[in-house]
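For reference, the structure discussed in these notes is given below.
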């Protein structure tokens with residue numbers, strides 16, 4: 001006799017037992033109860049054909065189902081633990097830098113997906129650094145909390161923030177938003193730098209030197225900035 005035939009019968013017996021307990025609590029509707037009665041007759045016929053006791057088969061079916069559920073629970077638990085252990089928060093900005101109010105002389109605002117990009121177009125010929133606080137999971141940017149653009153003097157001149165009304169964004173969304181902000185700031189001949197932490201997680205591909213690859217114009221700006229610092 002095929003072992004799959006027996007184990008299938010055992011599982012069917014246990015599942016019928018669960019459905020019967022459900023019906024005993026007067027929770028089943030008419031179609032449910034009708035199927036229950038028909039399945040009971042079917043199980044009795046199969047038990048006779050297989051020469052298997054229904055009560056014994058029900059207990060064996062319970063063990064099979066419990067093993068399956070235990071395995072699924074263990075795998076789900078392992079994935080949950082792995083996710084929690086892999087989740088971490090990275091902070092370029094202090095609490096003061098995150099909470100500080102700022103004003104724009106020539107405000108420009110753009111919405112890209114679920115992210116809002118704001119910048120001051122009055123800023124010219126400045127060296128600007130982008131800093132961000134965000135969460136990372138499995139070495140990928142998961143959620144942007146806040147990104148701000150600072151001048152060397154510490155003034156805030158740009159910002160990217162999630163829109164509360166449109167929750168959820170990907171690392172690609174953040175990358176695109178950063179590109180928009182950089183492009184807007186560079187338009188007025190500002191030199192834009194990106195924090196090392198943000199570079200690592202906002203751009204996943206790397207150049208030959210192991211640094212995250214940036215758009216060509218951004219590469220030129222960063223090269224000039226590096227030369228001036230040496």
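Glycine is treated like the rest: Cβ placed from N, Cα and C.
The structure displayed is predicted, hence computed values, not measured ones.
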Task: Quick one: sort out which of 34-38, 39-43, 44-48, 49-53 is the motif 'Nuclear localization signal' according to Swiss-Prot.
output: 34-38
- prompt: In Swiss-Prot, which of 153-178, 205-230 is labelled region 'Disordered'?
  reply: 205-230
Message: Need the matching range: Swiss-Prot marks motif 'Nuclear export signal' on one of 127-136, 137-146, and I'd like to know which.
response: 137-146
Statement: Secondary structure of the motif 'Nuclear export signal' (137-146) by DSSP, residue by residue, totals 0 helix, 8 strand, 2 coil
Message: For the motif 'Nuclear export signal' (137-146), what's the mean pLDDT in this predicted model?
response: 82
- request: Could you put numbers on the helix, strand and coil content of the region 'RNA-binding and homodimerization' (1-73), residue by residue per DSSP?
  value: 63 helix, 0 strand, 10 coil
